[in-house]
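Asker: Below, the features straight out of TrEMBL:
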- B:27-147: domain 'Acyl-CoA dehydrogenase/oxidase N-terminal' (DOMAIN)
- B:152-255: domain 'Acyl-CoA oxidase/dehydrogenase middle' (DOMAIN)
- B:269-433: domain 'Acyl-CoA dehydrogenase/oxidase C-terminal' (DOMAIN)
- B:462-567: domain 'Acetyl-CoA dehydrogenase-like C-terminal' (DOMAIN)
């Protein structure tokens, strides 16, 4: 069973939930269908060999698995690397929304493969937004085409979530370049054989820089210098990881021989802002990785459940039924499918806000994207862990055997909640930085958007919706009150009460927003059926939205209680953890 | 950081939650302390080598990792294999409760190692309860000492959860023995070099047996026959698995040369009853495996969080704080610790019911054990998956690197919800077989036990309890109503509505029962403090119980809604899953 891109479902979500209207429907379908063919036909077949082969490291060189170089060439030559980059830089100039669907596909097919273009995209965003004209002229087209992939060099052994502790140094060389020295760890695709050059974006400190995060600058440090010589940097080792074995996670040594040559991106000591440009793009894309791997796990589990026969279902004629006929297995599969659909909708909604921020709506849309990004990243990747684990469970004993493939998806997915800012960091970002945007108005406006979905359900009043409207209304009420609590706690003299509830608050936000998205999907499907459409996918969308509301969104009330009254632990956590 | 047996916490739970009173406190402490030394000093150090080395298979032979033979000898020679077996058979005659704490330790130290005695214990139970005197005389002492470990041969490729589909055949040989032919898969420790003989318990069909599960018989089929010759059985391969790499998972071929010699255990065609004897013991023990691995993950995460410094906590004096000072990390650690404590208490409670069933209480206690067993198995192992995954998360990027060890615990734990009856099967068992026991009276009586804990909290009325009483009362109310719903649905003409809610119902049962157990723990701790005790562990117990009630037990209301109103999906699951 190989990955198949769910193009009709993607198109429906793009149009009816995220509101794609800038691309002709036929064009969108043509692009997604072609991307689906590449994902399923070229990238997915390499997923298993990538897991088994890994990326052997010897003498500073990293070898990608058999077939990866050819697949990467097909991918870049098809122009898929720079979908949303500006045409001026060799990109396709397509909306982020279209790109989001494609990113989901590459990663649904093969998470380890999808990481390479994902990081390059972050590099493109940072360079396009903050790079000098000269630097852009030299590097941007190569990044957009994918001929030279980019990396993000942030983490050091002592500096993970806390970048204030960075030690890598950059000294002005006098000729407009800088000499970079230091060690970085966990550098994804820091070294490999997919391309002739690799463009490292490196956070480092200037000699006179202030301490902390206000003294960090961003540098472009290529593996091969413009004159064709090797730069003074090398991969010093790779990690042995739980998953994404085919994505080399490198330790990088800069400046063994006096300093790697780098060029400043943006202003001195303003590296953090540049980094957030690439980080925000990367965070949404990691959310989309979660959607992709959840979709892959769901397809695989469903196919197995339709084939494997065990036990006789109630009312079945035959002695043994396919396990998909058993209610408990249905619950697992519907949970997988509903969570995947909700995570997809939230990620697409975030991409749509980014697109809208470049149009007449401007800043409010950008604020909306800022609000939604941590939700898209953390909620989608938490769900990816749950969905891929359910995927193992549906397979029973077979799921624990590596050859089946379900376990790989679970292992691969486990990194998503950790990298590009752990999900705890996302939760703190949502509560402490994003909720206060415009005095809370950005969040309130998103809640109002959810409320309109609930009102739409009530107005339509179709019996097929079951308790969907009531559950969504309950969820929104919980989210609304929890939002007030978080905002008030931030303003109080006990801000730790807000931080204590940050993770359940993000879960509540994502869960409710997902419910509103699926309600919009159900409303559009209902309208289509009323208009005489007969596609069984429409009734399926309504059934799935109802399942989500009646079985998953039910967690909202408890999450509200936890956010509002659960934070007492900060007083005696030390006590409870000391023993 | 190695595993350390939490002996004081275990003793407290044994005494104040599960109600151990048949063993002198000093004796209990002495036994548990010595077991803790073996677990930490002998078994835990082999966990990592076991994961890396695995169990190479060649020419029908399985080699255990370096050091495992010696450790197994130390373990069996110390008499740890037969703790609860009767003294008549060479056992120690100790209560199940003491054995439960020790089982938790072996598995907290090393899940793959702990599996070998776990399966032997199932064999002991089945043979002691159903074997002929002759068979017992020949095999029971060897099993009890651990000199010959036992296996459970149930699964076949087409027969996993559905044993009705079994095909392995047993033909009477005329001399009181049977000739067994067939293939089994997923046989844990089916072949290895820890012992000179292995006692396989094999489910098979007699020639004239009725179809389905009423035609299954249980046979004892030793690797080495009483005359010293090899029996006609062999290991034909081992699986490449996600975790527990050091536990060989074997495919077994019986009867290549005409039939392996076996002896009937119990009556012909009554094998399923015998199997349930060993299965029930094994199910509780798998729950205890979950507790053990959750405890190990918690210890490891806590140690890391106390050492790793990132970010400045609110109000901290230094520039960077240990991450244990951050509220979001505290939430993860407290969740791990609270879930582990709840799962432990439920498993010990189940063991106590088994002990009580052999005393004056008799059948009602056995019914209680029957009710609690699926909860102990599934709730504890679901939590083990969640806790070990949180353990990875607390480590950040380090958690994804295999050398850290956190990822191994997550991989190892993943099997626990699958084997010995998937957790879906446990949920169906609880709803369809255990709730109806005595017309629901067994379940109601357990709920009344929980209610007394809530009343105790109200009566004590200590401010340190926070909202504990209210949340527990809410949870019990939800469980009570959901129980009524499940019982009514079973009796209705739509029993699938009960099965549809089986998994969230089991979760609600475990979650609420866990809350009641921790409430009892908090009450005992509170009484100790009131009596002048100054052990900081007592205040920690109260804080942990409060955290559980205010942050985790809050999920109860949503689970009730899901059980009661979420089952509509059985009408259109096919619809939603068809597209």
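We number each residue from 1, going along the chain as drawn.
Cβ atoms here come from the backbone N, Cα and C positions, even for glycine.
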Asker: Suppose you look only at the domain 'Acyl-CoA dehydrogenase/oxidase N-terminal' (B:27-147); what would the mean pLDDT be?
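Answerer: Averaging the confidence scores along the domain 'Acyl-CoA dehydrogenase/oxidase N-terminal' (B:27-147) gives 97.
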Asker: Using DSSP, what is the helix/strand/coil residue split across the domain 'Acyl-CoA dehydrogenase/oxidase N-terminal' (B:27-147)?
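Answerer: Helix, strand and coil residues of the domain 'Acyl-CoA dehydrogenase/oxidase N-terminal' (B:27-147) number 87 helix, 4 strand, 30 coil.
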Asker: Tell me the residue counts in helix, strand and coil for the domain 'Acyl-CoA oxidase/dehydrogenase middle' (B:152-255), as DSSP assigns them.
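Answerer: The counts are 7 helix, 47 strand, 50 coil.
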Asker: As a quick check of your reading of DSSP, tell me how many residues in the domain 'Acetyl-CoA dehydrogenase-like C-terminal' (B:462-567) are helical, how many are strand and how many are coil.
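Answerer: The domain 'Acetyl-CoA dehydrogenase-like C-terminal' (B:462-567) comes out at 93 helix, 0 strand, 13 coil.
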